[in-house]
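Enquirer: According to TrEMBL, the record shows the following:
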- A:13-384: domain 'Glycoside hydrolase family 42 N-terminal' (DOMAIN)
- A:110, A:148, A:313: substrate binding site (BINDING)
- A:114, A:154, A:156, A:159: Zn(2+) binding site (BINDING)
- A:149: active site, proton donor (ACT_SITE)
- A:305: active site, nucleophile (ACT_SITE)
- A:395-600: domain 'Beta-galactosidase trimerisation' (DOMAIN)
- A:610-664: domain 'Beta-galactosidase C-terminal' (DOMAIN)
């Protein structure tokens, strides 16, 4: 159990610097009313704090911190390094990024620094240091927030040079590099490190999503992720030199592709993230992102940002309906959050986020639906106190999520361009979500032995050690589910020769001779051993059994009667291999078998459309019961007679859950 | 009444320079036959007239002007500055533009000059001067046509410097600029004018349609419009120094986005424009563009270009059907045109407009349908004489159209990306069009007191003085119709704080607490006080009545039962607020109420699908009766027994209007 | 009859350099088993062969050639110049291309050399020379394969300079150039050659597909095609100086747009090409491409590349079904191939083509379906021996295909953007394909007299001499079919004035007054003289008969009752003019009439869905009978009792053809 904070942080991004002083006082009055106890400040103030190369100006920030300290706020103090001052671009154009098309940028937007610019590094490090020196000993500074939503990439000359250094460090010799990237192909052999150029539109990039040399482009992604991580570490270390204890984070973005968050999380004290589902994002996807964020460190996380009402940068920014923000906040906590923070506390009057919702809207009053809903939640969280802080989310099932696989799978040229990593993972996740079976999202190097079942779809890239780890896991009784496009390549995107699925072949007891690709208008059918039928799409492995048994055969195309889904015993354990993209209900049939044989249980025995999640702490189980459907649902029997902690009401067999209704029930662990 | 010309100019773009001399003679023969009395010349001849930096060659142009003068043509003399000579690009690359992506261009296409290039300005001014000096005293030169279809934009270094000067002139201090653009947001504070960069893809431009700092991008649009307007004024003044009287114009392009035509029109003697509807453009949109062009100066305009038959640059260039060109020409006159000019008189043999229709087609003869239709119209216009020249288009309704709103509304990041300015305006216009209720398109600073009703949809940006002007108007008995996304921001795109619709809140007697966004597949329903129902989409204001009454409430979503459309009494007047995008028939219900209460009348009392428009001069009313539908329509009773001026026939109760039929009836004003 | 090789080459691309030596031995074992007798090598080895400016290293290639020679392989030896070494880009950045947007590229991908770079030319020529000197006398080197899939284009400064030289050579005077490009239009007159810039996105290019000056852009395409052809000729001549006899080819790409293959073929000893239909490419399109490749020289061609199973660079890379590769190979031979070569013999382990099928898959064994199918075909080809080598494809119908028309038709600005050259040609081809009527694809300067009917759809550009040639052909009894968008422009894209279809007007006996464009949702109807009806789209010519008779009139739109399809007698011959895009069955009605009147016969009299093709040699006819439908088909009576050469079986009236079944029957010519 890890308790990072003393209370549930309830607050969010706050930019008093955008407003005159009289507004600050009104803010404090309103925050108090809403139960706000925390504020994230200084996210975008570099230009204000450092008006020129040698001047620093902290007066305003001093005042803000003083005001918040006076109110006993938990201050989340950002380092402001995510948006560089205009003067820096003018004086040092190298701090700007060069984009995928090769254009070097000028001042504008944010997240615009070249991660490998020595000038940027120098100024950013110095700023973090100065902030830590000045505010690190303030007890109200509860958390450091480095930069903001790291992301993007740069293709400038400084990055090109740094890439060569990174590669030399990784591969040591130019021969090893030629080998790793298979540069003999298309006559790409290089003889010197400085013949290497960054893979963008001017070189190997076919377009932003496609590359002629996946090995190179994957390494570039690793390099880019590492470069930004180095930026983070540099700021973190600068802070640590003045403030030895306050936790340091940076806000992540769920399944954001560009950064290997598992690697990042190792360097962060606590994971925080910004949750912005679109109006049509499935709730299972929202939950999966939370579980992924919790999984990064296997610990509770911070919800650094969510909107109280509306976003602005989606194509269609629907309002959150009454109760929705509350329900969504509890869903977040249910999946591991120890804080609820908003972007933002007061709505900006101008620039591109002025249509983004806030606790205090442009009307400027407490007389809004949004404010009332925020206040109600504030009240409840106060009642809840610290009892849930640090609580765990026990799970018997682990789903493997891996950025190397994310990148490499989506760089494949063939067999089917519609293959998307997150969607593939989410299809499996959704099954467990709908069954209320808790899941951990786990990295490729996880300790699998903690799980009754490990789900590893599209495990395209099997890096060194993974075969051994998976074999050990299954041999000792574990259940592994994997499937098409797995075991194909090594860490450099070179094929594991000798027959697919390469290092999984013996484990799965099959050989995949060929992989058929279906266009969107095409599908195949299959039949399960119980006689029921199903439909599949996208890709169809043509499988030969090598010890496994078939649990579903194709019934169409020239490979009709050959196995589509198989099961293999290996040591004490079992491996399921799903050779094609099943429709959701057909996948459900397979996973029902898996759960039965692996003896995996849902949180409660009853079937319900309510989302039921359980967090445990000491010997308590906290059940979050949330209605995220559009219908009114009845209560599961198991909860009748229990108290809803949030309202103090006792749940009866007559209790129903209207859309967005929530209850929280606590029981002794059995 | 303003009579610019002595007769209806009937002609168009003519490029004899593309042809050998023998063709010129044939042209004259054919023009005579077609009733052509005017030609627009010298539109693209700079390279011919000025073969190098210090040489000018006017012999050919002399000959053309002599020939046309001999024939007593009204010459519309262009200055040729819209396409620069190739040698100028070679010698002075700065004359080319830099595009949104940051690419500096080379010689090519047209409208390719950087408006802030001193070299371009010098050469263009000198050319206009030389032309005016040489031909300004020729009485056949009836109109000057500066440049051609000004448009586009430039992001070069000269423009960047000029932008800083423009900003300094506008904002005086850097603090005022920081305030106006809310640069505290995302830490964009600037300390020096030369830290400002143009907002393109290398800086604040997210893509061509989107920006991180709308305030900056709107100012850039104003600056760019002003820059080109300065080019126009420079040429105009150069001409004026030699020719004190001949009217000077440049051809505009309807609802073209980039230039603030209301501002431009103030500098032009007469508005001219080029009308190019696509095969599927609604006739109401065509009419609206004409009304907008008339509204720019509140005066008759020139139709500088239309095709006699076919365009070439649309995706699908359908032929105008028999009678269509005639009907469309009369529609143009009905809405305020005093000239009918074609692009073009003879079809080019080569280059990219060779598939654009012309009076003389590639066949080169008078034996074509197109030529016959042009000749018939020429005959009619001759008969019509000068009686309609300068006639007015009286209207009781003004629809507000404003380029600042056009730009700012479409730059909003949120709530709904499908919000398009012209479409929103057109939805209202269409109602009046279909009812044959005449409308003026009016600027934000119009004299509203002339109108019984002022329609101001999506009045997103309310600039200084507008609140006062609208309040005065309504207080004195006016009727104002406005609605969602109105009153939101000031001239710098910063929100009018204190609750939407800001400066319209008291006027409309409502407070809009929230704005919901609907995706394309979503809709809400509403019910009018008379019990009828309607459907709405796109955006839904959640409205609180503050003195207004509801005339329609939502019946779906969580804001069911809250007002969707309201009506408020203010002083002697009334304000209607339409809080959501109604389907056309539902909007019609609202506007029926408005027209009834404001006592606005259509041109004739009878309901008809014919377009009926009225122009008045002295004490005469001219009714243009045009069938722009695909069906044959019966005659309104009021016109039976009247003479059709165009044919001399008397209209009887048996008279029907086949598709594209037209009649023109004159009556004494009552 | 031309017999280039001693046997049917059966093999394909082979890159042992990507593999360790032990794999080479295994390769040889497997190739032997599969009946492989040929290998294409050294396609991408420049970087390996020339590690730096002054070093050459041939040891590995020596070994490979030695190994293949030992096995008595027919070696297709490539020159490796299609992908430049990385060091060359580093040292000489000019060797890279500048793309359409004006970006100069760096090292990356392949086919990346500027064709007008003197550095590239020097190094490429020297490499070809060295290879020829070293291996030209090896009798196993059966064919030289210069470069690989020439394509793309370059817009760099070297190309700009070379373009000016090319233009000067073509036009001699700047006046002639101004005239040809109609530069008077839009004031584009140039006074000096160096005012000319390449037509890309920075100049005349509206986008990649559209241009402001088609005349210029077409000349650029000719220039670019010539530039690459010069690269080819340079290598060819370098080879010839050491190896006087071995045939030299380069692999083409069917209807690839950028290169004028008819011009290229004149410089090649034998045409070779790479056939990569997508999963949904109609078989008639596949056949048309083969016929086009055969037509380039009017001789048998090499199938240089096809996949044995699966591609990787299509969006959806379906497997070839059992039998499909065999059927497709015979279809290729049926249309003129004398070789069957695969890309590739062994699948790459890494880089972007690793999901492209190969004879030896990643499994590395002979125990795959693909390997078995390759082996079966190898067996059959061995049995077949050399009897078919050099056989002809007699045809009574020629379909005109012309790159100048391809380019110019698709550059037209108007009337309809959906007009695509290859689709237009294919619509006609498909008719003949489905009737089993053999067709030659012929160039604009073909000897038409060889054909009973010449089909020339969208003959938009009629160059000098074509009118005379077509008139002579028809006068002497030929049948010509042409139609809308024909006879419009001359070689410079300037209109043939005097009425469409210009030089075809007298021949067709019609005048096209106007050309209507229909949007995709629009169509017109027409009625044939026999009373049957049809539907047409895209474009509708409005036709006046000038001697011709109508065989179908429009029945809708304002030109209802005017002719849509006409027939004209001219001398001894007949001209059909199809004035609109007919639906396939309506076009079939017209072409049935044409075939009847021209006395053109299918290969066999019977109607069948089988593809029946005939190749003749000496006095033998070889009938390829192939089922490319998804249904089982019965045998045509004419083949009952004949022996299937491939199996030795006698075909009986009970014989049926399952999908992908093939038979080959030989008969004496009658």
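Every residue, even glycine, has its Cβ placed from backbone N, Cα and C.
So where do these features actually land, and what's packed around them?
Expert: The Cβ of residue A:110 (substrate binding site) has 18 neighbouring Cβ atoms from other residues within 10 Å, across all protein chains displayed. DSSP assigns residue A:110 (substrate binding site) to coil in the three-state reduction, placing it in neither a helix nor a strand.
Of all the Cβ atoms in the protein chains shown, 24 others lie within 10 Å of the Cβ of residue A:159 (Zn(2+) binding site). Annotation note: residue A:159 (Zn(2+) binding site) sits in a helical segment as assigned by DSSP.
Secondary structure at residue A:149 (active site, proton donor), as computed by DSSP, is coil. For residue A:149 (active site, proton donor), the same-chain residues that are 6 or more apart in sequence and have a Cβ closer than 8 Å to its Cβ are A:82, A:111, A:251, A:252, A:253, A:274.
Residue density at residue A:305 (active site, nucleophile): 21 other Cβ atoms are found within 10 A of its Cβ, drawing on all protein chains shown.
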Enquirer: Take the recorded positions A:114, A:148, A:149, A:156, A:159, A:313 and keep those with a Cβ under 8 Å from any chain B Cβ; what remains?
Expert: A:313
Enquirer: How many of the residues that make up the domain 'Beta-galactosidase C-terminal' (A:610-664) does DSSP mark as helix, as strand and as coil?
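Expert: Here the numbers are 3 helix, 23 strand, 29 coil.
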Enquirer: Expressed to the nearest Å, what is the distance separating residue A:148 (substrate binding site) and residue A:154 (Zn(2+) binding site) at their Cα atoms?
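Expert: Each residue's Cα considered, residue A:148 (substrate binding site) and residue A:154 (Zn(2+) binding site) end up 17 Å apart.
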Enquirer: Sort residue A:305 (active site, nucleophile) into helix, strand or coil using the DSSP assignment.
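Expert: In the DSSP reduction, residue A:305 (active site, nucleophile) maps to strand.
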Enquirer: Just give me the nearest neighbour of residue A:305 (active site, nucleophile) among the binding-site residues A:110, A:156, A:313, Cα to Cα.
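Expert: Of the binding-site residues A:110, A:156, A:313, A:313 has its Cα closest to that of residue A:305 (active site, nucleophile).
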Enquirer: Need the DSSP three-state call for residue A:154 (Zn(2+) binding site) to compare against my parser.
Expert: coil
Enquirer: In whole Å, how far does the CA atom of residue A:156 (Zn(2+) binding site) lie from that of residue A:313 (substrate binding site)?
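Expert: On Cα coordinates alone, these residues lie 28 Å apart.
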Enquirer: Out of A:114, A:154, A:156, which of the binding-site residues has the smallest number of neighbouring Cβ atoms within 10 Å?
Expert: A:156
Enquirer: Expressed to the nearest Å, what is the distance separating residue A:114 (Zn(2+) binding site) and residue A:313 (substrate binding site) at their Cα atoms?
Expert: 24
Enquirer: Measuring CB to CB from residue A:313 (substrate binding site), give everything in the same chain under 8 Å that is also at least six residues away in sequence.
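Expert: Once residues fewer than 6 apart are set aside, residue A:313 (substrate binding site) is near A:352, A:353, A:356.
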Enquirer: Can you list, in sequence order, the residues of the same chain other than A:114, A:154, A:156, A:159 whose CB lies within 8 Å of the CB centroid of the Zn(2+) site?
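Expert: Close Cβ neighbours, site residues excluded: A:97, A:98, A:115, A:116, A:117, A:153, A:155, A:157, A:158, A:160.
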Enquirer: If the substrate binders are A:110, A:148, A:313 per the record, what's the largest distance between their Cα atoms, in Å?
Expert: 17
Enquirer: Find the average pLDDT over the domain 'Glycoside hydrolase family 42 N-terminal' (A:13-384) in the predicted model and report it.
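Expert: Overall, the domain 'Glycoside hydrolase family 42 N-terminal' (A:13-384) comes to a mean pLDDT of 97.
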Enquirer: So for residue A:148 (substrate binding site), how many other CB atoms are inside 10 Å of its CB?
Expert: 24
Enquirer: Calculate the distance in Å between the alpha carbons (Cα) of residue A:110 (substrate binding site) and residue A:159 (Zn(2+) binding site), and round it to a whole number.
Expert: 19
